[in-house]
Amino acid sequence: MHRSTEAVVMQTLSALSILASVPPLALHWKNRNFPAASLVGWYILLNLFNIINAFIWPTDDVDNWWDGVGLCDIQVKLLVASYVAVPGCLVCIFRSLASVLDTSRTTLVPNKHQRWRNRAMETMFCVIIPIVAALLHLVYQGNRYFIFAISGCVSGLDESWVSLALGYIWPFLICLIASYYCGLVLLRLRRYRNQFNEIIRAAHSGLSKSRFLRLFFLSFIMVLAITPVQAYVVYVQIEASLPWHAFSFSNLHGDGHLWSQITKVPTQGKVFYDRWTPIAAGFMTFIFFGCGKDASRLYRAVLRPFGLDRCFNPIQTSSTGSFPREASGSTGSRAQLISGNKNKKAR
């Protein structure tokens, strides 16, 4: 059997998407934007799975397939974690952007309590909840896993209400939370559109106007694409699993039950639909963060030891891509914004 064109295209695009994601990942990590760096990191991992799996299971020759023991056991748990991690990262990104535009705050720099609360939120949505989701999959895991040709490892679900309650409903619910914060950012952008530059300058967040808008529009496109898809997934899963049978952990995980079964699925050269999502996300991330001034500085720094830094025009600027952080001017701007906001409310 020969590898399908779709398999070759997916592998090639996945590899290019990983390369395109490296500069944005480095920039977000350098700027200590943990949610954005985590988001890019998850998509890099999913693209890596695309490449590996298409090499291991390239055709429909099911009889000669490796059963994936070990690799797929890990992959399906990471896949389940990614389903909640991606919208969780978007929640943190939108929440951070909404906080920058919150003129009701009386402090210029977040105090220790606020910093710890922000870190706790980021850790919870980007790390803890994905880990919990992966562990809970053990409860409603209908079989060990599926292996699809080209796409590789896919998680299985028990056809009961427990799978809905502990599993596939949560990515959609977290998308709704991200949508709420996205709407809050849009509302504040509209409300303070005439003061936007001053607010960004006074927020002392390290964000420039350009970086703020690029991060917002990238996240906006992602949540706009992911939310309806997750709603459709919930609908399809419910429709396919009805009528639900009674859930029994002992029956599901007993010796010789379907929980230990590995199901191999030929696909006639087709790729599982969700494998294209991380590919598109990687290229989108590069478009928004791989072509700006910050990225140009990064490329020059990497190429300078090889004498190739002149391939990129030098950036004539003394800033680091953010507004200046003079405390006195920023404090005055913040005070004026707060005062003006209160006066408007009093009227």
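One is the number of the first residue shown, and numbering goes on along the chain from there.
Heads up, the Cβ atoms here are built off N, Cα and C, so glycines get one too.
Per TrEMBL, the feature transmembrane segment maps to 6-27, 39-58, 78-98, 119-140, 160-187, 215-235, 276-292. Under the heading compositional bias 'Polar residues', TrEMBL lists 320-341. Feature annotation from TrEMBL assigns region 'Disordered' to 320-347.
Take the transmembrane segment (78-98) and the stretches 39-58, 160-187, 276-292: counting Cβ pairs under 8 Å, 160-187 has the most. Among the recorded stretches 119-140, 215-235, 276-292, the one sharing the largest number of Cβ pairs closer than 8 Å with the transmembrane segment (160-187) is 215-235. Below 8 angstroms of C-beta separation, residues 10, 13-14, 16-18, 20-21, 23-24, 27-28, 40, 42-44, 46-47, 50, 210-211, 214-215, 217-218, 221-222, 321 of the same chain, each at least six residues beyond the ends of the transmembrane segment (276-292), sit close to that stretch. Using a Cβ-Cβ cut-off under 8 Å and counting only residues 6 or more beyond its ends in the same chain, the transmembrane segment (6-27) has close neighbours at 36-37, 40-41, 43-44, 47-48, 50-51, 54-55, 58, 150, 269-271, 275-276, 278-283, 285-286, 288-290, 294-295, 298-299. Proximity of distant same-chain residues to the transmembrane segment (215-235), defined by a Cβ-Cβ separation under 8 Å and at least 6 residues beyond the stretch ends, is recorded for 33, 36, 86-87, 90, 93-94, 97, 164, 168-169, 171-172, 175-176, 178-179, 182, 185, 207, 281, 284-285, 288-289.
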